[in-house]
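Chemist: Dumping what TrEMBL says about this protein:
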{"type": "TRANSMEM", "residues": "B:46-68", "note": "transmembrane segment"}
{"type": "DOMAIN", "residues": "B:138-327", "note": "domain 'ABC transmembrane type-1'"}
{"type": "TRANSMEM", "residues": "B:140-165", "note": "transmembrane segment"}
{"type": "TRANSMEM", "residues": "B:177-197", "note": "transmembrane segment"}
{"type": "TRANSMEM", "residues": "B:203-220", "note": "transmembrane segment"}
{"type": "TRANSMEM", "residues": "B:259-284", "note": "transmembrane segment"}
{"type": "TRANSMEM", "residues": "B:304-326", "note": "transmembrane segment"}
Amino acid sequence: MADERQVIVSVKNLKQYFNIGKPNMVKAVDDVSFDIYKGETFGLVGESGSGKSTTGRSIIRLYNPTDGHIYFNGQDISKIKSHGSKMKEFRREMQMIFQDPYASLNPRMKVKDIIAEGLDVHHLVKNDDERDKRVRELLDMVNLNPEHMTRYPYEFSGGQRQRIGIARALAVDPQFIIADEPISALDVSIQAQVVNLMQDIQKKQGLTYLFIAHDLSMVKYISDRIAVMYRGKIVELADSDEIYNNPLHPYTQSLLSAIPVPDPEIETKRTRIDFDHKRPFEDDQRLQEVLPGHFLYCNDEKAASFKNNK
Amino acid sequence: MEQIPQIPKEKFRLIHDENNKDQEKIGTPSLTYMQDVRRRLFKDKVAVVCLALISIIVVISILAPIIAPHNPNAQQVTMSNLPPKLGNLNIPGMNGYQNMGGHMVDAYKQADAPKGTFYILGTDYLGRDLLSRIIYGTRLSLVVAVLATLVDLLIGVPYGIVSGWKGGKTDTFMQRIVEIVSSIPNLIVVILMMIILKPGLTSIVIAIAITGWVTMARLVRAQTFQLKEQEYILAARTLGEPSMKIATKHLIPNLSSTIIIQTMFTIPNAIFFEAFLSFIGIGIPAPNASLGTLLSDGQKAFRFLPYQMWAPAIILSVIMIATNLLGDGLRDAFDPQSSEN
Ligand SMILES: Nc1ncnc2c1ncn2[C@@H]1O[C@H](COP(=O)(O)OP(=O)(O)O)[C@@H](O)[C@H]1O
Ligand SMILES: [Mg+2]
């Protein structure tokens, strides 16, 4: 089934190291491969520091990947030059929504100028009237009052700011949006609002999302497929339901066991599964398809055991 | 388990779901950020007064040749050390009388000054008109201050931004240069300049240009380092904003308080540096006046002829206080959040 769908982003053996050659070298992303299909929401989950943001930022080329390839609509964008015309084109196709609603908007710019930044860079509007009109449309799209476009960010709440950030990303009509923990800084009551908004927009505009989160609780509802990341590697990747019902990697199991359930009966019986963080990855392990559409980071022997069971 | 009290269904009401759609309409006219800055600055009364004071001082300095009543360097030994006198108005302290051995005497009569001669701020030990010297001296000190500020803004700020923005090897290299420059004391540079050039404005300005921008560059670099990791800068990059635009649209407005505060230190520092050099005799050469030379001359006779020091000291203080308060006002004006008072 997966093969019929069109791949929009394909990451192949992506490596992103920092401080190369120095004692404090970090392998933030270490040989990661996955495909994202057009129109889906791809969840990327892992604890803080596991390299999720770095993966997102490499894909959108805020960093120059150390090694590997990133294909966007079939085109290798991992090596295009930072200031070339190819990059400028690419900048319109892929956008990002950030985590911290207080740091993601320039405090010294008006909302309309924040949202219109992409319009200005790519010359998408001819004059000021058209610019204002487009900004109004975008504010309307994210359910904010267009009259507020002359205000400054500090006059808005966290949820409202996050929606301004979404409007800014939408301004250039992207196909693919990386949302880096867009709701983790928000109150629980607002989280659903923002997620619903993102889903509405996805339906209307046919967007594809890479949705990054540090726990599975919200992601499992909104993602079609989920990749679990741990220390720079993807340890498990499968359909959302499959991950939820049939987690294979001990780390995934431990993440799932940490989600509280709003049911006291189950909650009293819930036990946390501990994951042994001291045990490093072994050399003979790699990400492989152990069940249809279900990838697991393991050695060949283990992978074979799944095949035999079937 | 405790029973939760039943709330009748009718009591629930759907709150307008298009949230905020009709939250209070705002009355702020649609101005650009810079127009907003100006509006906020002019709302600040203290800043406006300071701006007016500084403008007056600047205009007087520019028009010095027209406004100064006397030639500032013309000596007239018979008229030396005359106290302030303003026409024939008998204002205490401005009437030409001076305390001599316990008696108030008309110093102008004693000096055989021709009728109608008067010096508003008195004369110095060579009989030069103090008012004219102060006007010319202020002019010179302001030139030094303006040049030092320009060096800060045109060298220090871009240097710091480039160094902080580029990071890595570029930054390391640029910081080595900063360290080398800042390890040379200003005084050494001036003295070395003096070997090549004559003492005077040029060597002072060159000395300030060589060493003055370093502090600004350091502060701006440190701040840029912090800012460039901010998500709004990352957002600008993902939108394809060119680096130059990121610097002018995002970095400089958010660096503005650092820049303004540092400039507020640069201006008095430059004036004092010049004053210090003149004081130790390697600054502005005689007979030219600067606020520094006037203070050092006045200081010598302060016990007996205090007016010679009061006037330049007051002018210097006014310039300092006004620039500082204006700086505060500017800093607030650049911050949108401060308008909420
Ligand atoms: N610019 C950078 N320079 C050096 N190390 C970095 C940089 N960015 C991230 N790292 C390191 O890479 C690892 C992964 O970070 P990150 O991708 O932010 O994790 P996550 O988003 O999953 O919390 C962390 O150990 C972090 O310290
Ligand atoms: Mg992160």
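Backbone N, Cα and C atoms are what each Cβ position is placed from, and that goes for glycine too.
How buried are these features, and what lies next to them?
Modeler: Non-local neighbours of the transmembrane segment (B:140-165) in the same chain are 57-58, 61, 171, 174-175, 178, 201, 204-205, 208-209, 212-225, 228, 243, 247, 251-252, 255, 259, 262-263, 266-267, 269-271, 273-275, 284, 288-292, 316, 319; each lies 6+ residues outside the stretch with a CB under 8 Å from one of its CB atoms.
Sequence-distant contacts of the transmembrane segment (B:177-197) (same chain, six or more residues past either end, CB-CB distance under 8 Å): 159, 163, 203-204, 206-208, 210-211, 214-215, 217-218, 273, 277, 282.
Outside the transmembrane segment (B:304-326) by six or more residues, the chain places 46-47, 50-51, 53-54, 57, 81, 83-84, 121-122, 124, 130-131, 134, 137-138, 141-142, 145, 264, 267-268, 271, 291, 294-295, 297-298 with a CB less than 8 A from a CB of the stretch.
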Chemist: Using a Cβ-Cβ cut-off of under 8 Å, list the residues of the same chain that are 6+ residues beyond the ends of the transmembrane segment (B:46-68) and lie near it.
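Modeler: Here the qualifying positions are 129, 131-132, 135-136, 138-139, 142, 315, 318-319, 321-323, 325-326, 328-330, 333.
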